[in-house]
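Worksheet for the structure shown next.
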Amino acid sequence: MTLEDKFDEPKAMTGDLSEVAHIETQRPARHVDLAHNVNARIQNPLYGLSREELRHKVKKLVSQHNMPDEELFQKAAVLAQNPKDWETQSDLTEEDRYHLRREITHKWSQPMALYMTVACCSLAAAVQGWDQTGSNGANLSFPTALGIPISEGSPDAEKNEWIVGIINAAPYIASAGFSCWMSDPLNNWLGRRGTIFVCGIFCTLPVIGSGFAQTWPQLFICRLLLGVGMGPKASTAPVFAAENVPASIRGGLVMSWQLWTAFGIFLGFCSNAVVLNTGDIAWRLQLGSAFIPAVPMTISIFFCPESPRWLMKKNKYNQAMKSFLRLRNSPIQAARELFFVHCQLEEEHDIINGRTYFNRLTELFTVPRIRRATLASFVVMLAQQMCGINIIAFYSSTIFANAGYSDKQALFASIGFGAVNFVFAFPAIFTIDTFGRRALLLLTFPNMAWTLLAAGFCFYIPETSKAHLGLIAFFVFLFAAFYSPGEGPVPFTYSAEVFPLTHRELGMAWAVSTCLGWAAVLSITFPRLLTVFGSVGAFGFYAGLNIVAFCMIFVLVPETMQRTLEELDYVFAVPTATHANYQMKKSLPYFFRRYLLCDKKAKLEPLYHFDEVESITVFEKGAGH
């Protein structure tokens with residue numbers, strides 16, 4: 001019998017629970033009131049426990065949840081409380097130490113089930129990207145095919161431009177207005193895998209249906225149904241990956257959502273070009289092809305282990321242990337994580353006990369620490385739409401066609417944009433935890449502004465000049481190169497880490513709905529804006545929005561790079577006015593003195609003093625723990 005098989009069998013209740021209760025009543029009071037914690041601070045629940053208290057906590061866990069192998073959990077509990085002392089922990093075997101050592105020296109050596117989970121979540125991101133670009137090439141022909149032509153001189157062209165914008169925006173309208181907010185109840189009812197499976201259905205059937213639409217209202221309804229799947233998927237898949245992945249490689253995998261979304265965008269552009277010469281059905285194939293990555297995602301999700309943390313929230317501890325055993329290299333690692341998550345869930349229960357969905361939703365805007373995280377996530381998500389990346393992702397074929405490209409040239413130029421967007425996302429894997437989230441944003445936004453402005457001015461070059469088409473494409477590609485390592489990966493990574501454990505699903509729902517909601521606004525308005533402003537005016541408008549976004553980030557977005565949970569509580573405990581005042585009166589003058597006036601004696605007084613914060617978190621911050 002394998003260890004995993006043991007967790008299929010019920011175990012008789014053992015141990016003297018009255019003794020456990022006595023020990024717990026003698027526990028010293030914590031210095032943080034978790035039931036009325038206005039700063040939403042959640043600390044390591046094992047901090048300060050004696051060895052005897054720890055032993056009885058394990059005994060209670062094993063007894064209450066009918067779990068076998070108490071000895072394993074006793075070792076795991078000591079390890080969870082003192083994760084750095086495994087070399088000196090006497091009750092660990094050499095095999096245990098071998099796996100704990102490899103956890104540090106070979107952190108990418110993980111079980112196949114874990115990489116299956118990563119692959120499935122990567123497919124979910126690719127689906128997101130392909131869905132965004134499916135309509136890009138189709139915009140060149142579906143308006144005329146469905147009786148809503150937008151070409152100059154067409155009857156009702158102005159009204160039709162708004163209709164085309166609404167059709168393109170339909171998935172984002174549905175996501176922001178409804179489906180994102182269903183992430184919390186769907187995850188509660190169906191689990192992570194069930195939610196992603198349902199989203200996969202909505203990312204497959206409506207996409208195929210859009211290829212068969214005979215009227216624009218039919219196409220609009222199909223794209224609304226697509227949005228029902230997009231919202232919860234974008235909120236759930238990164239959390240599902242983070243909950244299953246070890247802390248040592250969690251950061252890079254959270255960032256990879258943007259990487260594989262960019263890959264999906266690239267594949268979407270490629271598919272648009274592949275079916276270009278198929279005649280009148282080209283736009284139908286361009287819209288319908290987005291189902292391709294959704295099918296393997298929908299099928300493969302149930303080959304992945306369910307999130308152990310979700311199973312534990314449902315009191316399915318033996319199933320959770322089986323998931324951990326599939327996701328970790330050794331039983332000691334699986335038992336350590338299960339025990340720690342169990343203790344943290346107890347603390348979480350104290351915080352959210354008796355509070356409803358709407359109570360927690362309200363707290364996103366009323367609890368000071370959470371409200372500041374809500375504001376910061378709103379700014380970085382809004383900035384992703386303000387920067388102008390999605391006017392290219394949604395309408396690049398139209399933009400290049402307006403610049404004088406043929407339909408074929410416009411689609412191939414769009415492929416170039418998608419390739420640059422994907423390739424330049426790779427540096428972010430190394431820079432996001434080196435230079436910091438805030439620093440990357442502040443570095444890239446000015447560069448995105450001038451490249452968009454330059455691309456716009458290139459429309460003034462006579463179309464007879466070879467430089468006209470080449471320079472427009474060059475500056476659009478350069479814009480994508482600045483976007484991909486900065487505003488590309490930061491919003492999802494930032495939003496995933498700023499919310500406390502108790503508000504994570506709702507916090508991510510808020511962040512994703514902000515992103516997709518403003519994507520809907522952009523998608524609706526851009527066709528008309530392009531007609532009214534012209535290509536130069538449209539690019540100049542978004543160049544200006546980049547400067548506005550830069551100012552918002554500078555004033556309102558704190559740095560979160562490599563901060564523990566305790567430090568993040570401290571960061572978001574600083575009032576917004578204090579943070580803004582510091583940036584304007586100290587950080588900005590320092591920058592001018594140090595880098596413009598070359599004053600090497602200039603010094604910047606730090607805003608945060610982390611020596612005042614006692615960091616006692618066992619695992620790094622992340623969606624899993």
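Residue positions begin at 1 at the first shown residue.
Glycine is treated like the rest: Cβ placed from N, Cα and C.
The transmembrane segment annotation in TrEMBL covers 112-130 (among others).
What TrEMBL records for 117-561 is domain 'Major facilitator superfamily (MFS) profile'.
Sequence-distant contacts of the transmembrane segment (162-182) (same chain, at least 6 residues past either end, Cβ-Cβ under 8 Å): 131, 135, 139, 143, 148, 150, 216, 219-220, 223-232, 234-235, 394, 509-510, 512-514, 516-517, 519-528. Residues or ranges marked as transmembrane segment by TrEMBL: 162-182 (among others).
Within the chain carrying the transmembrane segment (194-212), a Cβ under 8 angstroms from the stretch's Cβ atoms is held by residues 120, 124, 127, 131, 134, 183, 186-187, 218-219, 222-226, 228-230, 232-233, 236-237, 240, 284-285, 287-288, 290-291, 294-295, 297-298, 301-302, all 6 or more beyond its ends. Taken from TrEMBL, the feature transmembrane segment applies to 194-212 (among others).
Long-range neighbours of the transmembrane segment (253-275) within the same chain, counting only residues 6 or more positions beyond its ends whose Cβ lies under 8 Å from a Cβ of the stretch, are 118, 121-123, 125-134, 136-138, 237-238, 241-242, 245, 282, 285-286, 289-290, 292-293, 393, 396-397, 408, 411-412, 414-415, 417-419, 421-422, 425-426, 428-429, 432, 484, 488-489, 492-493, 496-497, 622-623. Annotated transmembrane segment per TrEMBL: 253-275 (among others), in sequence order.
Outside the transmembrane segment (375-398), and at least 6 residues removed from its termini, the chain residues within Cβ reach (under 8 Å) are 132-133, 135-137, 139-140, 168, 265, 269, 272, 407, 410-411, 413-414, 417, 437, 441, 445, 448, 452, 476, 479-480, 483, 487-488, 490-491, 494-495, 498-499, 507, 510-512, 514-515, 518-519, 521-523, 526-527, 530, 538-539, 542-543, 545-546, 548-549, 552-553, 556-558, 572, 576. Under the heading transmembrane segment, TrEMBL lists 375-398 (among others).
Here the transmembrane segment (410-432) has Cβ contacts under 8 Å with residues 133, 136-137, 140, 251-252, 255-256, 258-259, 262-263, 265-270, 272-273, 276, 392, 396-398, 400-401, 440, 473, 476-477, 480-481, 483-486, 488-490, 493, 561 of the same chain, all six or more residues outside its ends. For 410-432 (among others), the entry in TrEMBL reads transmembrane segment.
Here TrEMBL flags 439-462 (among others) as transmembrane segment.
Feature annotation from TrEMBL assigns transmembrane segment to 468-485 (among others).
Packing against the transmembrane segment (506-526) from elsewhere in the chain are residues 162, 165-166, 168-169, 171-173, 175-177, 180-181, 183-184, 227, 230-231, 234-235, 238-239, 357, 360-361, 364, 370, 373-374, 377-378, 381-382, 384-386, 390-391, 394-395, 491-492, 495-496, 498-499, 538: each is 6 or more residues past its ends and has a CB under 8 Å from a CB in it. The transmembrane segment annotation in TrEMBL covers 506-526 (among others).
If one looks beyond the transmembrane segment (532-557) by at least 6 residues along the same chain, the residues whose Cβ comes under 8 Å of a Cβ in the stretch are 375-376, 379-380, 382-383, 386-388, 391, 399, 402-403, 437-438, 441-442, 445-446, 448-450, 452-453, 455-457, 459-460, 494, 526, 576, 579-580, 583-584, 588. TrEMBL lists 532-557 (among others) with the feature transmembrane segment.
Taking the domain 'Major facilitator superfamily (MFS) profile' (117-561) as a whole, pLDDT averages 88 in the prediction.
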